[in-house]
Ligand code: ADP
Ligand code: MG
């Protein structure tokens, strides 16, 4: 071995130590995946080299065939992977093999419970990667040199996976990376040609470059061992270029794990080839689980872009809208230029039409999933529903389609689970119902018991219950679905249209007329606190309720604005009372103006509390209530 210089020992970043621990203890039942991960990295490294060589052909250093070699030594108990991809510099090795760069990793790691079974599920959100080598090896050595650097600028990285690694500068004649795994005792089964060949076939058949293993050759007795020969063991063609009918589900799944850096199978995929004015292939996947950084702005998103089979860019964001940022996949274009840049992608009209076609594909795929695999779609909604709710605001053209994919909790369920589709809601709507009713609020418990629902319960009309932070904002973009408009039941003067009979309407009018005097008295008493006082038709059990003005902001939006430090426009609620309620009857008959004032303020404050709002002057509420209680008990 060549001379080593500038030797140092460095510590792993804390998160790496945690990941290593988690990996070793939770992935023991599927050890062989280490090979898939290392081959995946080698393939990425070759992709990067190919791409950089487009503008700097000298990086190819003579241009030997790009490939990956996997070999083993039964006696030394080692497995070795070698690629002639982009390679790593000393700095690269220190950062890429000693830290995890993803933002939010530290927070993610804090969530580990120490319960290995539970934690092993978390790894799916993370991907396992290079460190999976330590599942089978108690020492890993990496010899690498970045393409373009001098042979004297090679790097030797080595670690026992126990908190630190050693790094030294070495001579390395060939560009690329060689990884030597010193197998743990008990893991020597991997130092075996047959075993390795099977693992490569199983997980890495789709890798688009040749993976070679030593040819098995029986040396005839007495003869000298022949020179080493290699043979390709994988299919070595880009998966998305093959016809759909010839690709097995397992191949699609393994390919997903490679490009998605995921440990689990995807939920669904869609593979298409477009010919005509534009020519491209796409292979899009819906992951089974949300990555931990789904809501982080800088988190990687976007598709892997190829131009005529040459890898050009990771995380090409221009091909899908933001609300579909969880989709993983590949797009391979025949129309783009090989030196396309992110800036060009943002402006190119070709990209616009590809984007709208790919968006449709994804929405179609989700529709299919919802229809054919409702249980799986439930899981999808749990993971990605919040992100899908960004859709109607971002993607006007597909509003109706997206609305069809949304799922809501409703008064029909009793667990707050979001599993009602709008189509389903309409299918079981009451005769004469031409609206979609909904109520937004802070928590499910709060909206479920809201007085706003009383009349709906009485008439057996279903109401959607929306309690996600984004919901009110979402509803400001959704006006109708299937020709039926949405109605916020806490807003404005509730008009049940055909759901109220002519008699009911007439009766309501008469009651309202007979209570005009009471309305005026309450108005005078509550004064500035309300914008209007009126008789309610939506209450059966509660004495009073606060409705939001037709044009006013709802509570969620107000809170969001307040939290972001913005000025919230002033708005006053409408006080509606239930004329049939004993407390209101009492109020109506109250002679003392002082007591009338106390009682109407108490009713107002109670209505605010029931709506989940906080009181402007809680002490006054308590004082008034106690006064009444004392009078009651005398
Ligand atoms: P990921 O593949 O998701 O980026 P990994 O843990 O698998 O994460 O790899 C970490 C990083 O180490 C890679 O992103 C790459 O920069 C570097 N790396 C790993 N293997 C190789 C290799 N064979 N050649 C060049 N770089 C590599
Ligand atoms: Mg990797």
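Cβ from N, Cα, C; glycine included.
Because the structure is a prediction, the values reported are computed rather than measured.
There are 22 other Cβ atoms within 10 Å of the Cβ belonging to residue 37 (ATP binding site). Taken from TrEMBL, the feature ATP binding site covers 37, 41, 83, 88, 102-104, 125-130, 177, 342.
Under the heading domain 'Histidine kinase/HSP90-like ATPase', TrEMBL lists 30-187. Summarised as a single figure, the pLDDT of the domain 'Histidine kinase/HSP90-like ATPase' (30-187) averages 92.
Here TrEMBL flags 1-342 as region 'A'.
What TrEMBL lists as region 'C' is 560-634.
The Cβ of residue 130 (ATP binding site) has 17 other Cβ atoms within 10 Å, all protein chains considered. The Cβ of residue 102 (ATP binding site) has 18 neighbouring Cβ atoms from other residues within 10 Å, across all protein chains displayed. In the shown protein chains, 15 other C-beta atoms lie within 10 A of the C-beta of residue 104 (ATP binding site). Residues from the binding-site residues list (102, 104, 126, 128, 342) with a C-beta closer than 6 Å to any atom of ligand 1: none. With DSSP classes pooled into helix, strand and coil, the tally for the region 'C' (560-634) is 46 helix, 4 strand, 25 coil. In terms of local Cβ density within 10 Å, 83 ranks first among the binding-site residues 83, 126, 128, 342.
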